[in-house]
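Under the heading Zn(2+) binding site, Swiss-Prot lists CYS9, CYS12, CYS31, CYS34, citing sequence analysis as support. The ATP binding site feature in Swiss-Prot is assigned to PRO133, THR134, GLY135, SER136, GLY137, LYS138, THR139, LEU140; the stated evidence is sequence analysis. Taken from Swiss-Prot, the feature domain 'ClpX-type ZB' covers 1-50, and the record attributes it to sequence analysis.
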Amino acid sequence: MAEDNTPLCSFCGKEKSEVKQLIAADDANICNECIELCTDLIADSDENTDDDSDIDTSWVNKKLPTPKELRAKLDEYVIGQDAAKKALAVAVYNHYKRLKVSQTLANDSKKAKIGAADAMVELAKSNILLIGPTGSGKTLLAQTLARLLDVPFAMADATTLTEAGYVGEDVENIVQKLLQASDYDVSKAEQGIIYIDEIDKISKKGDNPSITRDVSGEGVQQALLKLIEGTVAAIPPHGGRKHPQQELIQVDTSNILIIVGGAFAGLDKVIQQRTEKTGIGFNADVSSKDDSRRSSELLQQVEPEDLIKFGLIPELIGRLPVLAALTELDEDALVQILTEPKNALVKQYKYLFDMEGADITFTKEALDAIAKKAMARKTGARGLRSIVENALLETMYELPSMKNAKTVLVDEQVINEGKTPEIA
């Protein structure tokens with residue numbers, strides 16, 4: 001029995017002589033054994049907390065823009081393509097709503113509020129296929145959506161892809177690009193957007209079996225299936241190559257939104273064969289150039305069977321349930337693209353020339369001439385920058401060395417005849 005003045009541990013009651021160390025304070029004492037016990041309890045608590053933190057809840061409390069809000073934001077950056085914007089806005093909204101629901105269900109504290117019946121419903125992923133001519137805005141739409149939602153974005157060209165084991169990029173390289181875009185934050189990458197362009201260029205070479213392996217056509221389509229529907233990709237760290245005894249980064253693609261796009265040149269003919277009767281004789285329907293529907297109008301009627309005839313495999317089409325067709329841009333739309341969006345080309349050049357202390361002006365006739373040139377080149381909006389760049393090359397070379405240059409005027413002759421812009 002300890003005497004009244006013998007110091008005791010305030011928690012276990014042991015005397016100083018019974019423990020290695022007793023730390024004294026004004027009103028209480030604690031021994032080394034109780035300190036070790038408390039340390040173990042805190043460590044166990046931290047481990048439990050870490051288990052809960054493995055559940056990604058980044059979308060649970062995030063405000064998701066409605067389809068109308070997404071469409072309105074797209075209008076600020078992309079001209080025209082109203083039908084495609086609407087389809088994209090709905091598909092993207094449903095995709096991230098699905099992500100929000102799955103994260104809420106994974107969070108134990110929320111499960112009770114949702115109910116057992118709802119918890120049994122599994123929402124499928126709605127990947128997107130964009131069909132439209134070169135320069136119609138497919139890539140820009142995908143990039144803009146990723147920026148608006150603040151999610152990582154990666155882009156790949158389907159023509160560079162080959163089956164794993166062959167020279168070229170394999171499908172896992174696309175996931176690696178997304179991981180790099182998210183600074184190797186796996187949870188961020190798993191919620192990103194991947195855009196695969198030129199998907200039409202990997203169509204099957206034909207229905208007849210071939211003795212040579214089609215490693216960049218149907219083979220790549222087969223390889224893309226798992227990525228699109230959801231798989232766990234093993235990615236080497238920091239962009240290196242895989243090798244034995246290497247620790248790989250596991251990335252689940254189940255929640256990555258996949259958007260694929262292509263020009264699909266000739267698809268309009270496939271659709272026309274399906275939708276219009278053709279024949280020879282007195283009662284045959286004769287179609288002429290004047291009354292035939294435009295290619296973009298036919299693309300609006302695309303059906304999965306048309307894509308199968310074009311050369312995409314049915315399994316791939318089945319994993320791309322959202323089809324959106326973009327129309328070819330006319331001259332008026334190209335002029336709007338030059339001037340109206342937030343990052344319009346004319347605004348960009350005005351900013352560049354402002355930094356040199358000069359104000360650049362494009363006449364209406366100059367803008368029309370730029371649009372006409374782009375139409376003639378059949379490059380759509382993609383060709384606008386090169387036309388303006390060529391017209392202003394000499395001016396941008398000379399201007400930084402000129403003193404007191406205040407205005408630069410670009411008129412129709414500058415675009416069509418290569419005349420030097422007026423500088424005053």
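Quick reminder: no glycine exception, Cβ is built from N, Cα and C everywhere.
What you see is a predicted model, and the numbers here were worked out from it, not measured in a lab.
Listed binding-site residues: CYS12, CYS31, CYS34, LEU140. The one with the lowest count of other Cβ atoms within 10 Å of its Cβ is CYS12.
Other C-beta atoms found within 10 angstroms of the C-beta of GLY137 (ATP binding site) number 28, with every protein chain shown included. Within 8 Å of the centroid defined by the CB atoms of CYS9, CYS12, CYS31, CYS34, the record's Zn(2+) site, lie the Cβ atoms of SER10, PHE11, GLY13, LYS14, VAL19, LEU22, ASN29, ILE30, ASN32, GLU33, ILE35, excluding the listed residues themselves. Spacing of LYS138 (ATP binding site) relative to CYS12 (Zn(2+) binding site) is 71 Å (Cα to Cα, whole number).
Checked against GLY137 (ATP binding site), the binding-site residues CYS9, CYS12, CYS31, CYS34 differ in C-alpha distance, with CYS34 being the nearest. On the 0 to 100 pLDDT scale, the model's mean across the domain 'ClpX-type ZB' (1-50) is 75. Other than PRO133, THR134, GLY135, SER136, GLY137, LYS138, THR139, LEU140, the residues of this chain whose Cβ falls within 8 Å of the Cβ centroid of the ATP site are, in sequence order, GLY132, GLY261, LEU326, GLY380, ALA381, ARG382.
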